[in-house]
Amino acid sequence: MSKSTVFTVLLLLLGMAAYSFGWVQAVAEAAAQYVQIFNNDALRLGLLACIAAVLMLPAFLYLHYVTQSVKNMTAAFQKLTQSHQSCCDFQHHRLCSRYAEEVKSLRDRYKNVRQTYVMAAVLCQVIIFGCMFEIVKAVPFRLHTPPIVSTGMALLLILYLLFYMRMYLLKLFQHGTLFKKILACVLTGAGIGWMLSFTISELLFLIILAAIQQIGSFIYKRFSNRGFTSLDL
């Protein structure tokens, strides 16, 4: 069993224990008391969404860095392979010594991209989101809408999430094992059923948080692309 797997299992067990013993709910209720200082529901939701976005920012930035690094590493590896077409026989695995050195140098350049770090960043986001969502549930909001409105908003949010994950889902159903496909279908169905039970305040919190993260993602991509363009020049 790899270190990342052990780390993931331990964190999941810790999270399940904290939730089952009521520690998460107790902390959420205590935090909700401070949020209730503000009398405006829109201000409460905006404040909670901003706090969640700020707490998730380090993991958010690292995951964007990993995504960009993987793209750059793939492009650099393809360029490296093309430059050694004349001296290496890739079909029969006859490679020159310079190619091996350059591949090692390329790997060292992107050594910060590790599966353990990625898993830790994802779990960090999940834990922070779960805690903030519990705080939203603990705050007594005065927002009331007809069921059709909340159901419609939930469906729009579900469609957005499915569109956001479309590349991963397509890759999974094209190349994944049968077990992974069944697991993905079960988890997707459970997630859709769970989201349809959300209140209007919970849905608005998710929408505001998603909007903040989309804006942050857009800004990050603009600045990172400018940085890479200036490096290329």
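Every residue gets a Cβ built from N, Cα and C, even glycine.
According to Swiss-Prot, the features are:
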type	residues	note
TRANSMEM	4-24	transmembrane segment
TRANSMEM	46-66	transmembrane segment
TRANSMEM	116-136	transmembrane segment
TRANSMEM	145-165	transmembrane segment
TRANSMEM	192-212	transmembrane segment
- line: Best-packed against the transmembrane segment (46-66), counting Cβ pairs under 8 Å over 4-24, 116-136, 192-212, is stretch 116-136
- line: Lying 6 or more residues past either end of the transmembrane segment (4-24) yet within Cβ distance under 8 Å of it, the residues of that chain are 115-116, 119-120, 123, 127, 130-131, 134
